[in-house]
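As given in TrEMBL:
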- 1-130: domain 'PARP alpha-helical' (DOMAIN)
- His80, His91, His93, Cys99: Ni(2+) binding site (BINDING)
Amino acid sequence: MPMGRVSRTAISVPRELMSDLDDLLSRLNLKSRSKAISEAITLYIAERYWVLSDVEKEVAGAIIMVYDHHKGSEITEVQHKYLDLIRSTSHVHIDEERCMEVLMVLGPLSRVRELFKELQALGTAEVLKPFLVPRG
């Protein structure tokens, strides 16, 4: 999301959480709490955007999967039904049994939701996580 002018706001957070943030910023040699909190809010929105009901929105993002490589053919079959949506994939062998695959998607939120639900229905993924942002 392109950012324009800033909006000042006050938030209440537990002291320990703020201390953890300050410690992290110090270790990373970063100076701005505001920038860190802004990035955290952006990630929070992106991780949850896909559950919104506005199905006509265009989104871009990734679906991350970790699965048993013996069940990869089922996942591939589902992917072939969404060639219009899946723009790219990346695959890595984690170990002898498990693979990680990232599907880069671009298209209507409703269609991404369909893809996600089909992958979820297979029950083969040990991890299945969407990360989407609105397009435009």
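Using N, Cα and C of the backbone, Cβ positions are placed for all residues, glycine too.
Packing around His91 (Ni(2+) binding site) is summarised by its Cβ count: 12 other Cβ atoms lie within 10 angstroms of its Cβ, all protein chains included.
Listed in sequence order, Val66, Tyr67, Asp68, His69, Gly72, His91, Val92, His93 are the same-chain residues at least 6 apart in sequence whose CB falls under 8 Å from the CB of Cys99 (Ni(2+) binding site).
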